[in-house]
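The structure under discussion appears below in the form of structure tokens.
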Amino acid sequence: MVAQFNKFIILGPPGAGKGTVCKLLSKTTKLVHIASGDLFREAIKNQSVIGRKIAAIISQGGYVDDATTNQLVYEYITTNPLPNGFILDGYPRTENQLDFLNIKLTIDMVFELVVSDLNKLITRIDNRVICNNCNSVYNLLFQKPLVENSCDQCSAKLVKRSDDNKAVVKARMELYQQTIQPIHTYFFNKQLLVQIDCFLPLEEQLKTIKQFIR
């Protein structure tokens with residue numbers, strides 16, 4: 001049986017675990033994980049004009065403007081091999097991004113990681129570290145690297161993101177809640193929205209998503 005082309009989205013506030021779920025999913029399926037955050041960090045790493053602009057916005061807990069985000073995401077989708085489709089991580093976040101996406105693509109299903117305890121989420125983020133080379137994500141509470149301060153994938157140093165602090169997390173959560181409601185409502189009305197508790201075991205979260213893969 002030939003695999004079909006799946007077009008998925010995963011939504012959720014910062015720290016809900018979108019990246020972790022998607023990376024584990026991509027290891028066991030042919031779905032390509034497309035994270036807007038990774039695209040931003042790659043642009044920042046390249047020190048391009050867009051990258052410097054993005055760095056300034058993210059450091060203050062804001063979101064990158066829609067035009068830049070749309071450009072980076074769509075260019076990735078149209079210029080990279082996607083054998084069984086993709087899962088978009090953290091995109092779209094605004095109505096303008098949603099309008100752009102609807103012109104370009106038809107989405108099959110949307111998974112929303114729901115946060116029921118903000119304090120628990122803040123604790124999770126306070127203990128998050130990333131690889132400064134390949135952007136792999138770890139958590140010092142429940143997903144530690146095999147070697148302290150060293151990435152399992154490339155052995156590079158692990159660092160804490162500048163925006164992983166309580167004040168910025170709260171600011172990003174407030175902004176997320178303000179902007180996500182129209183996105184949530186749109187996909188809910190289309191009967192394409194599946195909500196998943198972000199504090200469930202990862203195996204259960206993955207099982208829920210995998211049942212929709214064609």
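Please read every residue number as a count from 1 along the shown chain.
Yeah, the Cβs are placed from backbone N, Cα and C, and that goes for glycine too.
Checking Swiss-Prot for region 'NMP' across the ranges 35-64, 95-124, 185-214 points to 35-64.
Comparing Cβ neighbour counts within 10 Å across the binding-site residues Gly15, Gly17, Gly19, Gly62, the minimum falls on Gly62. Its Cβ taken as reference, Arg161 (AMP binding site) is surrounded by 18 other Cβ atoms within 10 Å in the chains shown. With Gly15 (ATP binding site) as the anchor, the candidate binding-site residues are Gly62, Val64, Cys134, Cys151, Cys154, and the one with the nearest CA is Gly62.
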